[in-house]
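**Student:** One structure is given below, represented as structure tokens, and several questions about it will come after.
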């Protein structure tokens, strides 16, 4: 028995040493540590903030963030996601400049159209002061899009520690301001303003770090360079950008549908449940995705197989997520009532279904990271179109037959599980065939 224990300890130490010696694993650890601290800060504040801002305020915030979540990721036509791919640094810098130019044009256009719409139809938009809301949304979209370009440059330069520090600082800022403002002005507009301020802080911090590490210069804005960059990575415009748009719409459909066809409180329940349950996806899933993406690209460029890496991380994420997500599926309603208060008990019922959906989205991260590397954006776009159509049809049928908001959420989450399962199996098969 003593010998078995010794053998186990030797193997455990060797495994730990191998983990520490692996640059990819160290990078994942750095990003995960930052997001862990950020989410720990958020979780510490949630029980208090949820009692200061009720479901209605969270419902309005969820509706606005759903709109930002649809437009923000495609405001630069997905070109920021290509920043890690070029072998030549100047080509990557041209992509950063192109992203800045496109996002600025798109957001200025949206701001002009939005303010014009408020002036012409003052009661057609959300009844919070339209002239305050539209500029906030435009600024949020601009910061959202360009923050992705800055982060992708920092990932390219392996500046994972700086990314992690910014995530923690923004989490502290957001929650501290929410806590203070909740005692003074516990309104939806307060939540929205703080959300936009947090996005702006994150963007300027990451952009400053990216510029310090050589992301941009005046010469990179020459029209010829921008044109060449746009054409060189045109697949991101035609395939990746529509796919991201469809996925964003798919993510936002529940909140927008609940707010439009049921009530704003239902949207608030969904927003709170999804916000809390998305923590593991943000905590580990995005960290793995951000680090594994350049790793897959490097392996592919050097002719190495990517299937083992995609398969390994899919299995690891499955093992990591089954316990926390499973616990919410079983005990959702009492957990939410205990932590957030009785007014949020309804969110626990939503959480049981959302957990099922987000668990499969969690283990799907490595497959999503492999899509641009395998170059199957066109096929992926077709799958996203079919999936979105199925989810929209599901909501339409529930509404047509007079179903409840909980039934609508259950249908959406079940279809999302099927969607993610198909993607995982498809990408693993493609990666395996590519290896063969």
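Each residue's number is its place along the chain shown, starting with 1.
Each Cβ is built from the backbone N, Cα and C atoms, and glycine gets one as well.
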**Student:** Would you mind telling me which of 7-28, 183-204 TrEMBL tags as transmembrane segment?
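**Tutor:** Feature transmembrane segment in TrEMBL: residues 183-204.
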**Student:** Cβ under 8 Å, sequence separation of at least 6 from the ends of the transmembrane segment (381-402): give me the contacting residues as numbers and ranges.
**Tutor:** 239, 242-243, 246-247, 249-250, 253, 257, 261, 408, 411-412, 415-416, 419, 422-423, 426
**Student:** Cβ under 8 Å to the transmembrane segment (313-332), counting only same-chain residues 6 or more beyond its ends: which ones?
**Tutor:** 277, 280, 284-285, 288, 292, 348-352, 355-356, 358-359, 362-367, 424, 428
